[in-house]
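Taken from Swiss-Prot as is:
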BINDING   54-143  nucleoside 3',5'-cyclic phosphate binding site
REGION    160-278  region 'TIR-like'
Amino acid sequence: MTTGKLIDRFEGPSGRAVLEEVLLEQKLVLGNQDLARRLAEVGTLEEIAKDAVLITEDAEDSEVYFIITGHFQVKVHDREVATRGGGDHVGEMAALVPTAKRSATVLATEPSIVLKVSAADFKSIADAYPSVWRQVTRQLVDRLHQRNDMVLPAHQSSHVFIICSVEALPIARAIENNLEHDKFFVKTWTQGVFRASQYALESLEEQLDECDFAIAIAQPDDSVTMREETKNTPRDNVIFELGLFVGRLGRARTFLLEPRGDEVHLPSDLKGLTTIGYRLTKSEDQLPSSLSPACNQLRTIFNKLGPK
């Protein structure tokens with residue numbers, strides 16, 4: 001699907017006047033009629049279909065595109081970092097720096113029309129109209145600020161999230177207490193993680209971004225029968241959340257605490273995780289001492305790897 005005949009409005013003798021009028025609204029043009037006329041002379045109009053890629057990250061082309069109509073998504077490493085629409089331009093960095101590759105992918109989110117200007121023509125025009133350089137600098141600073149706003153600051157102290165069932169909360173609290181004098185911020189799912197105004201999954205996604213490590217406490221919460229054999233398993237939500245954290249943090253930062261002597265069945269997808277054993281006790285008074293060796297192992301790993 002393309003914009004069809006819409007491009008005809010900007011082509012030919014009558015369309016040139018319309019194109020120049022639209023270019024006057026460009027952020028790099030700022031109402032300069034001579035500059036708009038010059039861009040219209042050297043540029044080439046192109047139709048861009050919905051979902052078509054205008055610019056590909058790491059590519060070596062260097063044209064500058066002025067968006068006449070439509071809307072585009074800007075993505076870095078497959079993550080959206082900005083959007084651009086009519087009046088915006090994209091691609092100027094590769095035009096200005098001969099050795100620069102494309103820093104982002106630009107994808108049309110609707111049928112669009114752009115004016116393509118070669119790097120040589122763009123630099124020639126910028127030299128003739130110094131206001132272009134000033135506006136390019138301002139735009140680049142604004143975009144840098146936008147990019148920085150999307151980068152999470154590194155933690156000074158490692159954030160640790162504990163995944164567990166309700167039945168395992170005493171164990172989670174004992175781990176938290178064991179690590180309270182270390183430079184770790186330990187959070188269990190009861191500590192304001194699931195707010196009333198949010199769905200549980202959205203709250204978990206926040207923790208995925210915020211945390212540097214995850215500990216899943218596996219204990220025989222449930223029994224399941226598979227192939228006529230009964231096995232002890234953790235609660236379903238523990239397995240689900242463990243999988244989420246493995247996917248985001250990786251196996252090196254996600255740990256499974258298993259009770260010694262009580263085999264807990266896990267899905268085959270989660271095999272290969274770093275497993276730390278602990279001595280399961282029915283007395284909460286004995287939990288701090290029974291978990292101390294496990295906490296020592298965790299402490300060593302957290303200090304070695306540090307915040308992500």
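Heads up, the Cβ atoms here are built off N, Cα and C, so glycines get one too.
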Problem - Neighbouring C-beta atoms (10 Å sphere around the C-beta of Arg138 (nucleoside 3',5'-cyclic phosphate binding site)) - result: 12
Exercise for the section: Please classify the secondary structure at Val90 (nucleoside 3',5'-cyclic phosphate binding site) using three-state DSSP. Expected result: strand
Practice task
Just name the most isolated of the binding-site residues Leu54, Val114, going by other Cβ atoms within 10 Å of its Cβ.
Solution key: Leu54
Practice task
Inside 10 Å of the Cβ of Val90 (nucleoside 3',5'-cyclic phosphate binding site), count up the other Cβ atoms and send me the figure.
Solution key: 21
Problem - Neighbourhood of Asp78 (nucleoside 3',5'-cyclic phosphate binding site), C-beta criterion under 8 angstroms, separation at least six - result: Thr105
